[in-house]
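J.: One structure coming up, written as structure tokens, with questions to follow.
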Amino acid sequence: MVSALRRAPLIRVHSSPVSSPSVSGPQRLVSCLSSQSSALSQSGGGSTSAAGIEARSRALRRRWCPAGIMLLALVCLLSCLLPSSEAKLYGRCELARVLHDFGLDGYRGYSLADWVCLAYFTSGFNAAALDYEADGSTNNGIFQINSRRWCSNLTPNVPNVCQMYCSDLLNPNLKDTVICAMKITQEPQGLGYWEAWRHHCQGKDLTEWVDGCDF
């Protein structure tokens, strides 16, 4: 019986190495489970003791299913099961109505069209937009508000003028985003703080940004 087990072509069944970069974590998990089942069926099933089967199973798990791969597969599985937050992509008039309701039309002398134009050229109307700068700071939300001064990414010794976490600026209801944007426009630069507004919106006819929108 021992000699028969030694002749079992276990290695030939699993010709693809586990470390292959083209195989994902979940696929490796499936390969691990199928390899164990195949090897056990080749060993003769009922002619092998339960203790022997268990020992072989443990050996196969150690050989073909390293702990790191098992953990990766588990993380992938959990990420599929847990609910994910959906990014909110606003329409032009939809965003104009929301910003109008928050009181941005005419705030600090800027029209509603200024704000809609700004949102388009900073984030493309994406409330969950997140961009990383070379210095490690982040631009957050529909107005791409930066973490160097206005919000907190838990980086020590960094101002947090808006007194909120940067993740709050990714909320699709835009309340925190509008509060922070109002504080920014209270600065001497106003909307000029945003380079996108200076290049694409300032001094231009912006009526098209709110044209046809009902409030």
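Keep in mind that glycine also has a Cβ here, set from the backbone N, Cα and C atoms.
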J.: For CYS166, what is the disulfide-bonded cysteine listed in Swiss-Prot, choosing from CYS151, CYS201, CYS213?
T.: CYS151
J.: Looking only at CYS32, CYS201, CYS213, which is named in Swiss-Prot as the disulfide mate of CYS117?
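T.: Out of the candidates CYS32, CYS201, CYS213, the one Swiss-Prot links to CYS117 is CYS201.
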J.: Drop a 10 Å sphere on every Cβ of the disulfide-bonded residues CYS151, CYS166, CYS201 and tell me which sphere holds the fewest other Cβ atoms.
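T.: Least crowded of the disulfide-bonded residues CYS151, CYS166, CYS201, by Cβ count within 10 Å, is CYS201.
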J.: Report the DSSP secondary-structure composition of the domain 'C-type lysozyme' (88-215) as helix, strand and coil residue counts.
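T.: Going through the domain 'C-type lysozyme' (88-215) residue by residue, I get 54 helix, 12 strand, 62 coil.
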J.: Using Cα coordinates, what distance in whole Å links CYS180 (disulfide bond) and CYS117 (disulfide bond)?
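T.: CYS180 (disulfide bond) to CYS117 (disulfide bond), Cα-Cα distance: 18 Å.
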